[in-house]
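Engineer: Okay, handing you the structure first.
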């Protein structure tokens, strides 16, 4: 939800600012609290560098690339201020140790791990996380193994988020799930000095039994759709036949024309077929009296038989 996302982002920023203030104050306290022995070692190292200046310059200056930052520790204390770089930076060879941090985008592949969905299905998913180092000083002071920390955090976050979603939602709404996971991860990693740019669900692996069950269910749904489509086609065909029968019953000549057209199509498509047309008069005789009156063209009724002349009957005066 947008309101939840905004709330999480604000909380993450507030936690980040609080943590940075505490780290800066801690670093400033440590740097200002150098003992007398430590200050003496620093002065001796500077004098030695000045005495061997033409040669010592090659050991006291290093180059940092554009995509790198350097964190310097002097006698175990983190030097105050932001990270050094890019360009040249100065350090004391005997007292200082430096660590380079790559600020480019890092890719971390999350291996398959089991999760339990809302509808109690057990499945395995793997993901890809893209992150970069946002604050080098905070990162080195917070984490020892960055990749492991991010990997375990992604796995636990995905388990927690996907436990509230069903199997269908996980398969269809990967984009929204990835966005929710990014917001949840960013609210934690910002305290470590890491910025999560993107996270994607790479693959979903289902057990064999669950795959078989889903395949049977999908096949049953497809068969039901096929039957419904076939039934609708039969219904439309029956309606068309009924309308055609009503039209033919109202026009007797159309029946004869349709009959002759069928005979012609049979004779042209299959020349080797012998067609013996049935006389249409015989069809009228075989039909019912009601159909004969409404059927094809009327035929002349047979004439009445002529009565034989009765020899005993007298001739008419007209004859």
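Here the Cβ of each residue, glycine as well, is placed from N, Cα and C on the backbone.
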Engineer: With TrEMBL as the source, which of 262-290, 291-319 is set down as region 'Disordered'?
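Structural biologist: Range annotated as region 'Disordered' by TrEMBL: 291-319.
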Engineer: From 39-61, 62-84, which range did TrEMBL mark with transmembrane segment?
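Structural biologist: Among 39-61, 62-84, the range TrEMBL annotates as transmembrane segment is 39-61.
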Engineer: Summarise the model's confidence over the domain 'Band 7' (59-218) as a mean pLDDT value.
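Structural biologist: Reported value for the domain 'Band 7' (59-218) is a mean pLDDT of 88.
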